[in-house]
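Here the structure is laid out as structure tokens; the discussion comes afterwards.
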Amino acid sequence: MIMSQLLNYVAVLFFCVSRASSLDTFIAAVYEHAVILPNATLVPVSPEEALAVMNRNLDLLEGAVTSASKQGAHIIVTPEDGIYGFNFTRESIYPYLEDIPDPQVNWIPCNNPDRFGHTPVQQRLSCLAKDNSIYIVANIGDKKSCNASDPQCPPDGRYQYNTDVVFDSKGKLVARYHKQNLFLNEDQFNAPKEPEVVTFNTTFGKFGIFTCFDILFHDPAVTLVRDSHVDTILFPTAWMNVLPHLSAIEFHSAWAMGMRVNFLASNLHYPLKKMTGSGIYAPDSPRAFHYDMKTEEGKLLLAQLDSHPHPTPVVNWTSYASGVEAHSVGNQEFTGIIFFDEFTFLELKEIGGNYTVCQRDLCCHLSYKMSEKRSDEVYALGAFDGLHTVEGSYYLQICTLLKCKTTDLHTCGDSVETASTRFEMFSLSGTFGTQYVFPEVLLSEIQLAPGEFQVSNDGRLFSLKPTSGPVLTVTLFGRLYEKDSAPNTLSDLTTQALRLNPKTDAWKSK
């Protein structure tokens, strides 16, 4: 009896201590970093020159880390390519790389910097985390030697990886992730042989990490949420904005809502390549975001998040739409191009009404009312159901309400940043063949609309109030991962299309 009581006491004590040491909320920070680039050269520089460039960027990151820590942040995310920039060859990136060990080695570089060779960048990041008692997420390059015993070993005898690292508040390396889905011009890096699903636990939730282009694919992004059940995604990125559907703050906030997870996105700040857009996103609404194409300055964002976001019911994305009768009100369909994909459109000719447009298996239904019907602005409802083959190969189903660039219907789908028409209400749904649908609402001047819309359990994206600003787009962006072509295999249409239409911007650049 005494032993049983003692065990019960110990169990209760352990539960109380564990609850006391865990946090219901935490303060997240992301830093949009105005990266300092090395001199443009394809010739490898000396290790000393490479370290000098990296230290200049680390000086700026140090200021952001220190400021975030003083404001109570528990974790800070910094961007992809934030320490050395971009536009490298396989040879010219090499002086910037370090050997990054498996975190299972239990290593604090600040205390033991030479344990794995010359690792000055890891040492500095570790000391920054330790000195400021904060988790730091950074993106650097990893190098791993190989030989002929490995049939996949590159000719130069090494693997080079685009790598995210995480140091905890004591400076310990707790996570290392090698980017799986490399973008077209990331020839300086290798993809890992298998997707890495990287997680770590803290007193303020379970975290997963992936990088930039990974967000468009199932592995490891969806796996982290669906199978590993992380609370928060860490997302270093070097994202080039492409409207109307792939601006950074628009798509990243939509992914957080669609996957029902916290999402910390840190982008490079480099307006010359349309790189801007960072945010702290909760499943229900953005907590903080930044988009700035006008200045050349970085930006630190902080916001409070729930450590364990409240679970929400799974959305049946086709439930409502499958029971709606088509409403075309006599309008004629026309086609338009969005990022090389041919959409089927209907012009919204009235101040309000109900419209339906279909393509293949996808029918999109819209109910709406504008605040006024302007003669100088045209809006359209569009549908796309097909395989996207430019700068990656991935299957999409998209329903979108968008503003056309001009009153010429041929401009529907072109990039637009400003509008004048507000909407009193909207409700958008579609007969999606996937559970992976990401809801986007983007307002004039590239602004989000936190708290102004919601997704119902039956798959409707609808407004809660009149929009606070003019509307650029209201979109349901669906991904059918099972219909993707083979990984890392791009259609010949990619090169052909880029040659035929060189004015079209890539959505992500290295």
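We number each residue from 1, going along the chain as drawn.
Just so you know, glycine gets a Cβ as well, placed from its N, Cα and C.
Between the listed residues T411, T504, Swiss-Prot assigns O-linked glycosylation site to T504, with no corresponding entry for the rest in that record.
A helical conformation is recorded for C212 (active site, nucleophile) in the three-state DSSP classification. Annotated pair E80 (active site, proton acceptor) and N354 (N-linked glycosylation site), C-alpha to C-alpha distance, rounded: 43 Å.
When Cα-Cα distances from C212 (active site, nucleophile) are compared across the recorded positions N87, K179, N201, N316, the shortest belongs to K179. Comparing the glycosylation sites N87, N147, N354 on other C-beta atoms within 10 angstroms of each C-beta gives the minimum for N147.
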